[in-house]
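Here is what TrEMBL records for this protein:
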ACT_SITE  Asp61  active site, for OMPdecase activity
ACT_SITE  Lys63  active site, proton donor
ACT_SITE  Lys63  active site, for OMPdecase activity
ACT_SITE  Asp66  active site, for OMPdecase activity
BINDING   Asp11, Lys33, 61-70, Ser113, 166-176, 189-190  substrate binding site
DOMAIN    5-205  domain 'Orotidine 5'-phosphate decarboxylase'
Amino acid sequence: MSESRLILALDVYERERALEIAECTAEYLWAIKINWPLIIGSGLKIITELKQVTGLPIIADVKLADIPNTNRLIARKVFEAGADYIIAHGFVGRDSVEAVMELGETIIVVEMSHPGAKEFIQPVTEGLIELANELESFGVIAPATRPERVEYIRSKLKPGIRVITPGVGAQGGKAEEVIRAGADYIIVGRSIYGSENPRESARRIFEEIEGVV
Ligand code: O7E
């Protein structure tokens, strides 16, 4: 089996449910992304538990968007809890992102997947791509709901910077299409954890993008 390009967005509240879904889908995943719903519902200790159960990297999607000192205070605790990657907003400015990057691998949001992203984020995507290029972040977040924007963002980014795309499935994005547009990884939440058989749903998406170049 080739290395997976699928990231599970584990947006449930309950610890037991989270661990159960993570364990049964792990075989088809590259990493697990946790967001505020799971952190609020189960606490930061869920990071260690997920790693013990799956052995996979954990992306903490805490969407940091504060002054450098507050970003630093939050990121320190999240990395101490075992997170491998953290997601930060770039629109708050270089100093805020740098404060996070000093502590660990960072993924910068350059555009979002929902319709409202066109109002305020898309107009500044260009500058956010430049920021990611200058800081050489681990990756950027780009919208799977707009493959043409993924293609554009990929074309403007330095080669080593990963393009990570949420919005597949429940938000309308198509896994294969977005990988062809240049995404390195896709993030899928509800279409996996909300389905009747999460393992089978993860397997199907994994197979859809396996071998796509
Ligand atoms: O729609 P789903 O259920 O497949 O879940 C998508 C996940 O990706 C969910 O955790 C959501 O918060 C996140 N996400 C987006 O959907 N769109 C974005 O533009 C950005 C993210 C994200 O990962 O956050 C980084 C800011």
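Placement of Cβ uses the backbone N, Cα and C atoms for every residue, glycine included.
Sequence-distant neighbours of Asp11 (substrate binding site) (same chain, six or more apart, CB under 8 Å from its CB) are Asn35, Pro37, Leu38, Gly189, Arg190, Tyr193, listed in sequence order. Proximity to ligand 1 at the level of Cβ atoms, with a cut-off under 6 angstroms, picks out Asp11, Lys63, Gly189 from the recorded positions Asp11, Lys63, Gly173, Gly189. Ser113 (substrate binding site) and Asp61 (active site, for OMPdecase activity) are 15 Å apart (CA-CA, integer value).
Neighbour counts of Cβ atoms within 10 Å were compared for the binding-site residues Gly169, Gly173, Gly189, and the top value is held by Gly173. Just so you know, the Cβ of Asp66 (active site, for OMPdecase activity) picks up 16 other Cβ atoms within 10 Å once every protein chain is counted. Long-range C-beta contacts of Ser113 (substrate binding site), restricted to its own chain and to partners at least six residues apart, with a cutoff below 8 Å, comprise Pro143, Ala144, Thr145, Arg146, Thr165, Pro166, Gly167, Gln171, Gly173.
Comparing the recorded positions Asp61, Ile67 on other C-beta atoms within 10 angstroms of each C-beta gives the minimum for Ile67.
Counting only same-chain residues six or more apart in sequence, the Cβ atoms lying under 8 angstroms from the Cβ of Lys63 (active site, proton donor) belong to Trp36, Ile87, Ala88, His89, Val109.
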